[in-house]
Amino acid sequence: VDFLRSLFSRTLGLSPGEKVLDELTLDGVARYILSGTCKNIICMVGAGISTSAGIPDFRSPGTGLYANLQKYNLPYPEAIFQIDYFKKHPEPFFALARELYPGQFKPTVCHYFMRMLKDKGLLTRCYSQNIDTLERVAGLEGEDLIEAHGTFHTSHCVSFLCRKEYSMDWMKNQIFSEDIPKCDSCGSLVKPDIVFFGENLPARFFTTMKMDFPRCDLLIIMGTSLQVQPFASLVNSCPRLLINMEKTGQSEFGMGLFGFGGGMDFDSDKAYRDVAYLSTCDDGCMALAELLGWKAELEEMVKREHALIDSKDAKTKDKEANQSSRSTGAEAGKSDKTE
């Protein structure tokens, strides 16, 4: 614990800082962004930014992913993302993957707001807990992203002696053919490069945070309960904006584990940098965009990008239908010749 306390203190700038925001409101955050002194923004995002796309979050009672896994007969809900359970019983995970596979959903207003931050040269990095790849679909690239819990973008053989890499298209074909993906070199399971419980986070997560957080001017936290370590402990001494349905990250969260005396402070007399905007992530991003004078631009971006996705999907479906038609016709021709 002493080592971790020292590490996070050195690398993330956890000593108290000066008051930067003139007001602890969304308006205050907007004025700070427009002031010209806020040049390095980090976004930390969780499942809540994708719920409006139709992807369930994990922990919401009744509607969350963990509350709706009974059909898989798991010993406990989290087992579906436990590496040891997966190696013995991969079927539930791949059945779930068919339901939630990337490519079936469109990025949200929140995703495109982060794209806008990138386009305006303000986004240092997006640290995402999500595995749906919607940040990439919205236009963030590998260098813009730290996918802290991994991604479906690539897959690997689980055998330490093999570790052969497979593409997203290969994995998609395996999942939707309802086959359990097996390595064609050694016969072991192949798993998407998402981080299961019991696995280490990507090394790049730790090396990049050492560079990013000391120079962060504004931390925007969206759609996360801040319950999973070490993601929950990525905080620093700059202003922090939480856009979420409820306040989170307060006294008991992450940093208490490392002896930093609590987390975010929205309401006390000592509050000086934390702002909570309680709403859906999309509504919060649109409200901030309006204050920044970007609302029309953001609305146009969402409309344009969604239209492009719809057009691409329609072309893909037409291509698949034509291929199926040709295949059916070829088989009928063979049957006629046989007769």
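Start at 1 and count along the chain as shown; that gives each residue its number.
The backbone N, Cα and C atoms fix where each Cβ goes, and this holds for glycine too.
The structure displayed is predicted, hence computed values, not measured ones.
Taken straight from TrEMBL:
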- 19-295: domain 'Deacetylase sirtuin-type' (DOMAIN)
- 47-51, 57-59, 129-132, 224-225, 244-246, Cys281: NAD(+) binding site (BINDING)
- His149: active site, proton acceptor (ACT_SITE)
- Cys157, Cys162, Cys183, Cys186: Zn(2+) binding site (BINDING)
- 309-339: region 'Disordered' (REGION)
- 309-321: compositional bias 'Basic and acidic residues' (COMPBIAS)
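What TrEMBL annotates, mapped onto the structure for a quick look.
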residue: Ala47; record: NAD(+) binding site; Cβ within 10 Å: 23
residue: Ser50; record: NAD(+) binding site; Cβ within 10 Å: 26
residue: Asn130; record: NAD(+) binding site; Cβ within 10 Å: 26
residue: His149; record: active site, proton acceptor; Cβ within 10 Å: 22
residue: Cys157; record: Zn(2+) binding site; Cβ within 10 Å: 22
residue: Cys162; record: Zn(2+) binding site; Cβ within 10 Å: 14
residue: Cys183; record: Zn(2+) binding site; Cβ within 10 Å: 18
residue: Cys186; record: Zn(2+) binding site; Cβ within 10 Å: 14
residue: Thr224; record: NAD(+) binding site; Cβ within 10 Å: 25
residue: Met245; record: NAD(+) binding site; Cβ within 10 Å: 16
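Those residues of the chain, other than Cys157, Cys162, Cys183, Cys186, with a C-beta within 8 angstroms of the mean position of the Zn(2+) site C-beta atoms are Val158, Ser159, Leu161, Arg163, Lys164, Asp184, Ser185, Gly187, Ser188, Val190. Between the C-alpha atoms of Met245 (NAD(+) binding site) and Cys186 (Zn(2+) binding site), the distance comes to 47 Å. Taking Cα separation as the measure, Ala47 (NAD(+) binding site) is nearest to His149 of the recorded positions His149, Cys157, Cys162, Cys183, Cys186. Rounded to a whole number, the distance between the Cα atoms of the residue listed as 'active site, proton acceptor' and Asn130 (NAD(+) binding site) is 7 Å. Put simply, Thr224 (NAD(+) binding site) is 13 Å from His149 (active site, proton acceptor) when counted between their Cα atoms. Cα-Cα distance from Cys183 (Zn(2+) binding site) to Thr224 (NAD(+) binding site): 34 Å (rounded to the nearest whole number).
Calculated from their C-alpha atoms, the gap between Ser50 (NAD(+) binding site) and Cys157 (Zn(2+) binding site) amounts to 28 Å.
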